[in-house]
Every structure is written in structure tokens, then in C-alpha cells.
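Record features (TrEMBL):
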TRANSMEM  12-32  transmembrane segment
TRANSMEM  44-63  transmembrane segment
TRANSMEM  69-92  transmembrane segment
TRANSMEM  124-145  transmembrane segment
TRANSMEM  151-171  transmembrane segment
TRANSMEM  194-215  transmembrane segment
TRANSMEM  221-240  transmembrane segment
TRANSMEM  276-294  transmembrane segment
């Protein structure tokens, strides 16, 4: 049985650890939000798979519980990425079922000045809570099942690869949608949106890393796969830009998870060998290399077509 060396900080070091979690999470979430609005749903979906929240969680696992604990957690984070896709699917599926079985009243459809975003906002307060609930249930149920898997890198790698391919086909019919940025949007509204999203991500990081020692590497690793930055992005896109923009972003989410797969697989190998500092840097570079190669392949495919 593996042993884990926990690092218990107190006083100034404990405050530094807490401040680091908050500042790093805030910065990464704000960056991704800016990309989503400026570059569109495709890039937002792909970059949502970049190891931002997961990298933060695994890094602090290593800082607090030791490199071996973080590496073992990363093995299950690898499998847990399938749960992250299930979360996005559950959220989207409820909205699709709602649109199929509860069409808009004719009175609303006949009003020419009523935009899609306006229509969406009317039903938003009713449907966003069930959508959040269903998505979280999908994540938790699938994670509960995955905890019974053996701690095998290759088995979990195969599992998440199958999940990515499967959901990529499920999401393929979703049409592309360009996010329309309103020039009338107040700067204070944008700041409130960013603060809301960053706050959710930060609280999630604090919760996951705080419970790591209690949960153990298996369950902590599965929780680290929670889409810490993508989940609040889903809420913001749904609230601010409507269901079409959200669906188009979810469509490309499995594509970006390849970077997270590379990161988690690398962490499970490298953390015990070169430590959490250099290990994080090397694993992030490997993820960036994956995204660079993937973007080149996508660009060449677009040019060829």
C-alpha cells in the first residue's frame, strides 16, 4: 500500500496557500472567459479542456498531501474526465428535451422583436436550476461508478478515449453558433459576470483540495476532474448568450479534453519522479504541444475542405 506524506502548513504558509488557490483560480477563469467571448464557442470549447482547474487541484494535492498522492489521484482524474463530459451532456440533454416537449407558445413565436436570447431569458429562471441539478447528478453518479475501477493508467486512458469519441459523435449534429457581443453591455455587468464565474471556480477548488486528505486519492482524483472552469462558463454562456451558444461550446468540449488527458497521464508518471514543481511545468508544456498539434490538424482540415 502506498504511503502519502501530507504537508501541514500553519500560520503564514497556510495563508499563502489559501491566497495562491484564490489568485491562480481567478486568473485562469478570467482568461478563459475572455477567450470565449472574443474567439467564439469552438475555441472556448477546445480551451475549456486545457488543464486549468484540474492542474490547480492536482498541484495543491501534491503540495498538501505529497507527490505520490497527487500522482495516484491523477490516475483516477484521467477516468473522471468521462464524468466531466457526462456533466455537459446532462445539462444539454435537459435543454434539448425541454425544447422538444415544451415548444414556444404561438404568441411568443409571432412577435418579430423577440430575439432568441430574450426568449431564452424568459424560461431561464425556470430551467437553469433543473439543468444544473441533472448535470451534477450525471457527474456524481458516473464518478461513483468509476471509483471501482482498478488504479490502471492504461485502462483509464482507454476509458476516457472511448468516452471522448462517443460523445464527439453525439454532439456532432449540433450547429455552429457565433457569439454576438453586445456593444451596449456595461463594463460593470461584465465584471459581475467574471466575478461570479471566478467565485464558483475558486470555491470549488477550495472544497476539492480541502477534502482531499479525507477522501483519499481515488475519490479526490475523481473530483479533480470536475470541470472547474468550464461549468461556470456553461452557466454564463447560457445566461448571457442563450442555449445555441452554450450548445455550440459543449459540442467542442470533448475535442479539448485531449489536453487534459495528456496532462493527467503525464502527472501520474512525472510527479513522483521530478516533483510537483517541474512536473507541473513539463505536463503543461506537453498539453500545450498537444493543443498546438491539434490546432494545426484542424486548420489543415478546414483549408482542405
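Glycine is treated like the rest: Cβ placed from N, Cα and C.
Only pairs six or more apart in sequence are counted, and the transmembrane segment (124-145) with the transmembrane segment (221-240) gives three or more Cβ pairs under 8 Å, enough to call it a contact.
With a cut-off of 8 Å on Cβ pairs spaced 6 or more residues apart, the transmembrane segment (221-240) and the transmembrane segment (151-171) reach fewer than 3 such pairs and are scored as not touching. Among residues of the same chain six or more beyond the transmembrane segment (276-294), those with a C-beta under 8 A of the stretch's C-beta atoms are 46-47, 50-51, 55, 58-59, 62-63, 67, 70, 255-256, 258-260, 262-263, 266-267, 270. Distant neighbours of the transmembrane segment (151-171): 72, 75-76, 78-79, 81-82, 85, 89, 218, 250-251, 253-255, 257-258, 261, 265, 268-269; these residues of the same chain sit at least 6 beyond its ends, with a Cβ under 8 Å from one of its Cβ atoms.
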